[in-house]
Amino acid sequence: MKKLWQNCHIATMQNGQYSYIEDAAIVTEGHLIHWIGKQQQLPTDTYSETVDLNGAWVTPGFIDCHTHSVFGGNRSVEFEKRLQGVSYAEIAASGGGIASTVRATREASEEQLLNSALKRIRCMQQDGVTTIEIKSGYGLNYENERKMLRVIRQIGEKLPMTVKSTCLAAHALPPEYKDQSDAYIEHICTEMLPKLHAEGLVDAVDAFCEHLAFSPAQVERVFKTAQSLGLPVKLHAEQLSSLGGSSLAARYHALSADHLEYMTEDDVKAMAASGTVAVLLPGAFYLLRETQYPPIESLIKHGVRIALSSDLNPGTSPALSLRLMLNMGSTLFRLTPEQALAGVTIHAAQALGLEQTHGSLEQGKVADFVAWDIEHPSEIVYWLGGDLPKRVVQHGQEVIF
């Protein structure tokens, strides 16, 4: 049955621009957009329900394309340490950082991980997020990576959201492989990834390319394994130093390379040539009080698509509002509100390989949208905090919170 959503204005975000339709209407059928356009051009038809959106501005549902939403415990004590002058690298070297979350995650049951993650993700959902990517990477052995990935699949079953699962086994070195990073990479490639993929738990493969994690050569071994399994790749790259990880990601036609504070112009050119999306993570940049900015002007000049994401994680970005990340992306990185909104809609969809079905409001795409009680889409980026009045529609059905 067809449902009519009328009396609205639309920022479709096609081609990464507002692409306005004023005095508009949307017709949904099931979970898809059947028709979209100006109200006066609405085809004559019979509708099972008509919804008055009261002059709202409608945008695509937000896509949070880089999160670590499933984890045990939290790291508020480390937050204090960093404010006392201890660096992220020093915390990691002393057994904190990712290692402390690994311990807490291994100790937690699937049910505990699921319940804590659902609380966080419902906050994101109320902020307008309709699609989310979630990484493993706090288990670091087969049993616990599998546990995390199973929880991610359960989240997709529990919530009316699109949930994409990324295996980030190459996130850090587990304690049982201390000083044996090559052996751990071999274990990931020969044991973990093939088994997890065979169970249908993995949509993409990620790794952390950094001096305190894994080298480009080690990451390439993971990428080759993912490629052999037919899985797309992503990469944490150039967050703390320049190792050429983003160029490596480009060589493997990665969906995205993420963080990118220390990338060079050669890296930018490589990503532009491969179509790899640059995912910027202003929450981590802000919380770590970084001073090295991603090369925004170069990315724009060379036509690299820019996405924004929360990087929701317990250590460096405990961010429960993607809308706040929009403001940070504009304020810290000088993105325009239009560029920021593209970063959590169509460009974020491209970072997940979902651009054919999600990320913009077009006929035939999934009916995920948010109707905002605002006077212009830039307000979504402009207002800091609070809960902007909105109606969230997922797969053609309004979500009641």
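One is the number of the first residue shown, and numbering goes on along the chain from there.
Cβ atoms here come from the backbone N, Cα and C positions, even for glycine.
Swiss-Prot has this to say about the protein:
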BINDING   His66, His68, His236, Asp311  Zn(2+) binding site
BINDING   His66, His68, His236, Asp311  Fe(3+) binding site
BINDING   Arg75, Tyr138, His171, Gln239, Thr316  4-imidazolone-5-propanoate binding site
BINDING   Tyr138, Asn313, Gly315  N-formimidoyl-L-glutamate binding site
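What Swiss-Prot annotates, mapped onto the structure for a quick look.
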{"residue": "His66", "record": "Zn(2+) binding site", "CB count, 10 Å": "30"}
{"residue": "His68", "record": "Zn(2+) binding site", "CB count, 10 Å": "26"}
{"residue": "Arg75", "record": "4-imidazolone-5-propanoate binding site", "CB count, 10 Å": "22"}
{"residue": "Tyr138", "record": "4-imidazolone-5-propanoate binding site", "CB count, 10 Å": "30"}
{"residue": "His171", "record": "4-imidazolone-5-propanoate binding site", "CB count, 10 Å": "24"}
{"residue": "His236", "record": "Zn(2+) binding site", "CB count, 10 Å": "30"}
{"residue": "Asp311", "record": "Zn(2+) binding site", "CB count, 10 Å": "28"}
{"residue": "Asn313", "record": "N-formimidoyl-L-glutamate binding site", "CB count, 10 Å": "26"}
{"residue": "Gly315", "record": "N-formimidoyl-L-glutamate binding site", "CB count, 10 Å": "25"}
{"residue": "Thr316", "record": "4-imidazolone-5-propanoate binding site", "CB count, 10 Å": "24"}
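For Asn313 (N-formimidoyl-L-glutamate binding site), the nearest of the binding-site residues by C-alpha distance turns out to be His68; the candidates were His66, His68, Arg75, Gln239. Annotation for Gln239 (4-imidazolone-5-propanoate binding site): spatial neighbours Glu210, His259, Leu260, Glu261, Tyr262, Ala284, criterion Cβ-Cβ under 8 Å with sequence separation of six or more.
Nearest neighbour of Tyr138 (4-imidazolone-5-propanoate binding site) by Cα distance, taken over the binding-site residues His66, His68, His236, Asp311: His68. Annotated pair Asp311 (Zn(2+) binding site) and His171 (4-imidazolone-5-propanoate binding site), C-alpha to C-alpha distance, rounded: 14 Å.
Comparing Cα positions, His171 (4-imidazolone-5-propanoate binding site) lies closest to His236 out of the binding-site residues His66, His68, His236, Gly315. The two recorded residues His66 (Zn(2+) binding site) and Thr316 (4-imidazolone-5-propanoate binding site) have their Cα atoms spaced 13 Å from each other.
Listed in chain order, the residues near the N-formimidoyl-L-glutamate site other than Tyr138, Asn313, Gly315 are His68, Phe71, Arg75, Ile98, Thr101, Gly137, Pro314, Thr316, each with its Cβ within 8 Å of the site Cβ centroid.
Taking only the Cα positions, the spacing between His68 (Zn(2+) binding site) and Thr316 (4-imidazolone-5-propanoate binding site) is 11 angstrom.
A straight line from the CA of Arg75 (4-imidazolone-5-propanoate binding site) to the CA of His236 (Zn(2+) binding site) spans 20 Å.
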